[in-house]
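Chemist: Pulled the feature table from Swiss-Prot, pasting it below:
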- 1-127: region 'N-terminal SAM-like domain' (REGION)
- 128-177: region 'Linker' (REGION)
- Cys185, Cys196, Cys199, Cys201: [2Fe-2S] cluster binding site (BINDING)
- 185-201: region 'Fe-S binding site A' (REGION)
- Cys244, Cys247, Cys255, Cys258: [4Fe-4S] cluster binding site (BINDING)
- 244-247: motif 'Cx2C motif 1' (MOTIF)
- 244-258: region 'Fe-S binding site B' (REGION)
- 255-258: motif 'Cx2C motif 2' (MOTIF)
Amino acid sequence: MSSSVLVLTSPGFASKEESLKKVFDLIDNGASRELQMIDRVQSQLVNLPINRYDSVIAAIDDGAWSSTLGPILSQAFASVHPGGTLRVYSTADEADESFEMTALLSGWLIESKSPWILSRPNQVEAVPIKLSNKNGQSASKNKILDFLKSDKENLISGDDDQELIDEDELLDESAHDNVLKVPECKPEPGKKKRACKNCTCGLREMEEHESSKTSAQLEAVKLTDTTEVDFTEKLKSKNAVSSCGNCYLGDAFRCSGCPYIGMPAFNPGDTVILAENRDKMSWMADDI
């Protein structure tokens with residue numbers, strides 16, 4: 001049976017009749033040959049058949065082997081039979097540095113570098129091997145299955161009466177002393193619990209939340225004609241704000257727009273009815 005050879009060449013090389021004739025002289029007389037242009041294979045205008053050729057000859061006229069042959073090495077690899085070869089014929093001196101790596105990544109084995117000949121490895125066939133024991137006797141298939149089955153049963157089946165170990169009993173007293181404890185804001189005996197300066201336990205956030213909640217409730221209070229309000233209650237709160245802060249001392253200490261003008265001084269904590277004050281303010285306005 002005659003061998004089949006694929007010749008891959010560049011258009012520039014194919015235009016040189018003498019160079020192309022030298023490539024054809026490398027092929028046996030009885031072999032069938034096929035000529036394809038490399039650029040047409042690169043652009044996929046031509047698809048190479050799978051496992052068809054016994055060998056491939058790549059004829060190029062430049063040293064940029066990776067850019068010219070690199071894109072088609074995988075297709076050429078698939079087009080030859082296992083054990084087939086690819087020979088590079090070039091008018092350039094030698095291949096560029098990356099061609100060897102490109103060829104290896106495409107699956108080729110490097111047989112020679114002068115001239116460059118690549119080969120496709122033969123197919124590896126799986127061969128069944130009979131198992132044998134130490135005495136040279138073949139191992140019984142049933143014995144192997146029984147052995148695997150017994151291991152599986154031992155793994156699944158467990159002793160329900162087996163006593164469980166308490167993990168805490170494995171620790172001694174020294175291990176309990178070294179347990180990392182979360183820092184807390186502990187007050188001195190007889191004092192209220194407050195957040196410390198570098199609070200990390202969350203107490204400071206809780207205090208700020210409660211304080212803002214109380215302030216919001218106090219701001220929501222609206223004075224009406226009959227509203228009874230403890231004036232000092234707001235002043236006692238942590239975030240209380242007053243224009244003068246001296247309304248309870250008397251008119252001499254009150255602002256010009258204070259609602260308590262005309263009223264006598266009162267003690268902090270006294271309940272003040274604003275309705276009476278409003279009547280006095282109206283009477284004072286009439287006199288003015």
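Note that Cβ sites are derived from N, Cα and C of the backbone, with glycine treated the same way.
Source: prediction; values computed, not measured.
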Chemist: When you rank Cys196, Cys199, Cys201 by Cα distance to Cys247 ([4Fe-4S] cluster binding site), which of the binding-site residues ends up on top as the closest?
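Modeler: Sorting the binding-site residues by distance from Cys247 ([4Fe-4S] cluster binding site), the top entry is Cys196.
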Chemist: Counting Cβ neighbours within 10 Å across all chains shown, tell me which of the binding-site residues Cys196, Cys201, Cys247, Cys255, Cys258 comes out on top.
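Modeler: The residue with the densest Cβ neighbourhood is Cys247.
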Chemist: Where Cys201 ([2Fe-2S] cluster binding site) and Cys255 ([4Fe-4S] cluster binding site) are concerned, what is their Cα separation in Å, rounded?
Modeler: 44
Chemist: I'm trying to understand the geometry here, so how far is the Cα atom of Cys258 ([4Fe-4S] cluster binding site) from the Cα atom of Cys196 ([2Fe-2S] cluster binding site), in Å to the nearest whole number?
Modeler: 39
Chemist: Have a look around Cys199 ([2Fe-2S] cluster binding site) and count the other CB atoms within 10 A of its CB, chains all included.
Modeler: 16
Chemist: Distance between Cys199 ([2Fe-2S] cluster binding site) and Cys255 ([4Fe-4S] cluster binding site) at the Cα atoms, whole Å?
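Modeler: So the Cα of Cys255 ([4Fe-4S] cluster binding site) lies 41 Å away from that of Cys199 ([2Fe-2S] cluster binding site).
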Chemist: Expressed to the nearest Å, what is the distance separating Cys196 ([2Fe-2S] cluster binding site) and Cys255 ([4Fe-4S] cluster binding site) at their Cα atoms?
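Modeler: Here the two Cα atoms are 39 Å apart.
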Chemist: Provide the three-state DSSP residue tally for the region 'N-terminal SAM-like domain' (1-127): helix first, then strand, then coil.
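Modeler: Here the numbers are 41 helix, 40 strand, 46 coil.
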